[in-house]
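Visitor: What TrEMBL shows for this protein is this:
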type: DOMAIN; residues: A:62-270; note: domain 'ABC transmembrane type-1'
type: TRANSMEM; residues: A:63-89; note: transmembrane segment
type: TRANSMEM; residues: A:101-122; note: transmembrane segment
type: TRANSMEM; residues: A:152-175; note: transmembrane segment
type: TRANSMEM; residues: A:206-229; note: transmembrane segment
type: TRANSMEM; residues: A:249-271; note: transmembrane segment
Amino acid sequence: MPNSLSRHPRLAALALVTPALAMVALFFLLPLLASVVGAFETPEGPGLANFSKAFALYSRDMLFTLAIIGGATLLTGLGAVAIAGYLTLGECPLAVAALRWLYRWPLFIPFIVVGQIARSFLAKNGLMNNALIGAGLLDPLSATGMLDWRGLILAFAWKQIPFVALLVAGAMASLDRGGIEAARNLGASRPRILWEILLPQVAPSLLTALILSFVTMMSVLSVPLMVASQSPTLLTVDIAFRINAYRDYGLANALGMISLAISATVAWFYLRHSLREKR
Amino acid sequence: MRGKSHPGFDRLGTNGISGSHADNESPKEPFALSLSKGGRFRHGAVFSRFDLIAGLWWLPRALMLGALAFAIFGPLCNLLLWAVAEKWYFPHALPLEYGFSFWGRVFSARGNAWEALGTSVMVAGLTVLASLALAIPAGYALARLKLPFRALILLAFLIPQAFPNLPVYVNVARLFYAIGLNGTVAGVVIVHVTHGLVYAVWIATAAFAAIDRELEEAARAAGASALRAFRDVSLPLAMPGLMASAIFVFLESLDEFTGSFFVGAPDVNTLPLLLYTAGAGGNYQIASISALLLLVPSIAFMLVLEKFLRADVLARIGQ
């Protein structure tokens, strides 16, 4: 430890961290607090008017948001476990290498680009329908676009699967191979090894990754704005609409609080579950 | 996949009958062998029945990989096609005319791509500088010095990523509007720094923690001052990790949409905002060209990530 700091080492260390912490406090925690306070602000003084208006106008979108983000999280989990499982248990080195090279591509593609990609690919005359028609799998007359709840779920999962798969595959790679080899020698099939041996051990990593995904998707504005902004839509679009069209901060903050509450509930279930595991 | 569709082979394979393990490794081989040697080589007659099926076992796997490749590259190809399509409308499967006239228009003196690209790179560069200025001291303190509530402080930087940040940006915009920061580059940079700080601080902490403590102590013992030991020993050794955190922060800033949408638009026009307005106006060519400009650095970084983030640093992130 440097001598000059040794007289008040903890104070010096704190001084080095403080500017960065202040940044988070000033420009994240303070506005977060403002959004909580603002949700209760009404022209007639503090009250619940914003919330009753929010439920009256947007309860359908709240359920829609819950279903879409929940569905996308589920699909992300399934896809990520399948990919990570094959990376860990796959026996053909070529296929494993190909998958390892393939699955990561969307990892750093920004949501705004994902939105544009999904909008062109899943449209009625997008490349997906065109390829299916070309392969004879789809009748041109019955082709429809998927720019609704399906497009939202697919776009979110497309972007989030690599992130969750990366974390889960990392967790699986650090497990002891002995248990896997033993199960395989006893004749267990690979899906069974994945489900009964690997998955329980990497469950904490998987759940953490899925919750981070859930929260991230809850605050993405660009994808719903570009893929499906007609009603029903996600709460993020409603919040942006209240601000841009009406400057209605009260209702926007109430909707923000509701999306915060949804995320907090999910996180709370996870914390309760992981605490029970540790006991 | 394979085990499910052909359970019979798995049973044989795992029972340890001679040669069955090699079949597992390379399913094509037994087929070739049994054809050339009349099915009698090594395996005997028992296997010839399975060998025909074994010869096709790469098929479901190849089909799955092909489907995945289509799911990943299909959308990207669609974007590429839009970027070079001059004319493309329903019901034509592919563009009617290809060309670069939209590129010319976007990058012409009157086009707004240069301006948006310049703004985006400037904002991202300033964000990286500010983040590193904050994260290097913080990361060093978190990695090396005795700090009360260390775990809690580390966790505090995760907060901007762990809460839905749309309601926060709405109120940041309101606050900035009151103090005249709305629609300024400084305002957008502040929002991006706060959001990217978790990468900057966590990776910087891991990078400093991965350095051998004795190197620094040796420099101190040789008479170097604390600052000199830091500047000449710790900082250069932590540089690859700091570079990785800089790239992370740069990309986060380059790609950020929601915060820029509320705080910057319409005065600070970044590339994501240009993409959004072009797409909303139905101009898929310009939207796809700006999406490509955003895509290139993202994919390049994905491909080189492991070179910058060494395993010893990666393993310490968040600890």
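Including glycine, each Cβ sits where the backbone N, Cα and C put it.
Curation plays no part in TrEMBL annotations; they are all automatic predictions.
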Visitor: Go through the chain and flag residues at least 6 beyond the ends of the transmembrane segment (A:249-271) whose CB is under 8 A from any CB in it; none is fine as an answer.
Guide: 35-36, 38-39, 41-42, 49-51, 53-54, 57-58, 62, 65-66, 207-208, 211, 214-215, 218-219, 235-236, 238-239, 242-243
Visitor: Six or more residues beyond either end and a Cβ under 8 Å away: which residues meet both conditions relative to the transmembrane segment (A:63-89)?
Guide: 95-96, 99-100, 103, 149, 152-154, 156-157, 160-161, 164-165, 168-169, 172-173, 180, 190, 193-194, 198-199, 202, 206, 209-210, 213-214, 217-218, 232-235, 259, 262
Visitor: Under an 8 Å Cβ to Cβ limit, what residues of the same chain, 6 or more beyond the ends of the transmembrane segment (A:152-175), are close to it?
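Guide: Result: 68-69, 71-73, 75-77, 79-81, 83-85, 87-88, 103-107, 109, 111, 114-115, 117-118, 122, 146, 198, 201-202, 205-206, 208-210, 213, 216-217, 220, 223-224, 227-228, 234.
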